[in-house]
Amino acid sequence: MESAVERYKRLVAEALARYFPRTTEYLRAEREAAQPNAGARGKAKGKAKAAGKAPAKRGAKARKDGDAPAPKRPRTPTVAGIYGTASAADEQCALDMRQRVAQAAAHGIVSLPSDEQWAMILAPEPLTRIFAGAGSGKSTTLVLRVVYMLCHLGVDAEKVTVISFTNASCAQLREQLVKVLGYWGHPFDAAQARQCVRTFHSAMGTLAKVALKNPRWFEQLDERDPASELDNPLLAGRLRPAQQRLLKQVYQQCYAEQPAFRTLVHQLLELPPPPEAGEDGKPPRIGKAPLDAFKLPGEFTALPLFEAFYAQSGFIESIGLRIDQLQPQKLACPPRERQFVEALQLFWAAFDAALQEQGLLTFNLAFQRLTDLLGDGKLPAEALAPFQHLLIDEFQDVSPQIVQWLQALHRDLAKRGEAVSLMAIGDDWQSIYAWRGSSPELFMDFDRHFPSKGRRKSRVLLLETNYRSIDPVIRDGERVLVGVANKQAKTCRAFKTAEAGGHGVKLVQRFDARNSLPLLLEEIRKQCEHVAARGSREKTAVLLLSRRNETLQTILGELDRKLPVKGMTIHRAKGLQAEVAIIVDDCAPPEKHPLRGALYVACGFFASSYEQAQQDEQLCLAYVAITRGVSRVFWFTRKAQGPTAILALRRNVETAPA
């Protein structure tokens, strides 16, 4: 029988449901998401769609006419919080920091921070997320944040790790830290800076030395200095000869020893079936494994199968999947792609055995094994101490595998009673590594992956002032983002005033690199003269950008080497700037990739499809390219499509002559 208290609760709940139906549905969806068996990609039905509206408000607010609809957020089970409450505000510490920064600015050591930068420097919360737009001065602000922690809050430098994207960006941050901390009179030398500022892979490497017996790295085979600091493999080029030899050796071994693998190889390469045992029962004579080039739909180039296996394995592990745990027949992709995964699993087991035999390890396998060890609490406390307070730059480019590792690190430390903190700095508008498994969704849905105790949310800050580019350049950069489905609402403000002759993107259409190259070379020469005439202080006069290195080499090979021009792929140019940016790219639409599309669904981390992620990335890559320019941008293309089609629709658009 229903008690009086239960009846009262029921009547109140019914009344609330009648008067506040949307709130009721939201709470019901939250309860469902908290059930242990709730899948990460559970689908809300009917009125439960309201459950997605609360976390998606910022995305809805960001949309304008023509914007792509924001994808639904995947549900995740409720997990125990990691991060505690904000520290009590110490007004005296903040005041001392402001006074000291003012003195440093007067001596030319740093620039005076803006109000939005001060909010990042002095943030008291243990979990803070900063959306830092292009040219927002985040690096200098990050340095001052570390100075505040060490010099004014008394945080031990040995418990702080700053993560930057590449060894080059780490070197710049270290140099700045040593300089600024020297002005503060805080002891901090180059060796301490190397310990404090690292790439993800360098940070992982320090744990691997302790927990994984200091392995040799497959990614460093054939390197001149294999003992050097581990760098981010996202920027690596083709496989080196020693890596190719080992992969090929494993491939040949699999082919010789495993009939199932041989059969799959012949099916994938569309070759006649391999020989079987003869009537006399003798084993068939097995020749060398075929080295025919193989191309999965969605890939740019055909590769030998062993290289194709390695390339796709990197993507699979990056999005948090384990190759040996994949169930190919359950992947929602064509039969040929499922056959590829079956062959990959056989190959990868043999590759793992070969690595162990030679004392080698891949970066991805190391992240996996360390994550497992952290989950079991098997690492010594002193090895984890440097990761107590993490400050991570370029967070929009992290992958699910990195997120799993970070979660395990801080959860382990929290279980040991340590107060952990995480400051994540990124810009979803500059997310350009979906093809390697990274996604801005991990930054957008930050609180799902890095929960605070007591259901609190991370503090969100915006750095919206652009100190690099003039307003026309910024506005054109923002225009190409209209079709991005998943983005944070922000409007960047130009700090610089546009001078005469400055402009946004001028399009040069019907450009053919073979037949129109003299036109481009002449334009580059003119822009170099323009920059010299105006007395620009920029280190680089003209930055030549393209998605393809081959395109850059063709142009640079014909260019006068005395000209102040730097050529970079757009991916490598992130963080750089020049007075004039010249982009050469046809913006070819991304090709569908059925295998990666199926894997994207299987990993359970993403609301967007892989196809949508590719389309978004194309627009974000255009934004990155445009915002490298300070006062002028030119874009040479065969025809307007993708982002250049958006730019071509501008009213009163200035189009350079073809």
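Cβ coordinates are placed from backbone N, Cα and C, and glycine is handled just like the others.
Straight from TrEMBL, the features:
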BINDING   Ala132, Gly133, Ala134, Gly135, Ser136, Gly137, Lys138, Ser139  ATP binding site
COMPBIAS  42-61  compositional bias 'Basic residues'
DOMAIN    111-470  domain 'UvrD-like helicase ATP-binding'
REGION    31-80  region 'Disordered'
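Everything TrEMBL records as a feature, shown here on the structure.
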residue : record           : Cβ within 10 Å
Ala132  : ATP binding site : 27
Gly133  : ATP binding site : 25
Ala134  : ATP binding site : 26
Gly135  : ATP binding site : 23
Ser136  : ATP binding site : 27
Gly137  : ATP binding site : 21
Lys138  : ATP binding site : 23
Ser139  : ATP binding site : 17
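Gly133 (ATP binding site) falls within neither a helix nor a strand when secondary structure is assigned with DSSP, and so counts as coil. Other residues of the chain with a Cβ within 8 Å of the Cβ centroid of Ala132, Gly133, Ala134, Gly135, Ser136, Gly137, Lys138, Ser139, the ATP site, are Asp427, Leu463, Asn466, Tyr467, Arg468. Summed and averaged per residue, pLDDT over the domain 'UvrD-like helicase ATP-binding' (111-470) gives 95.
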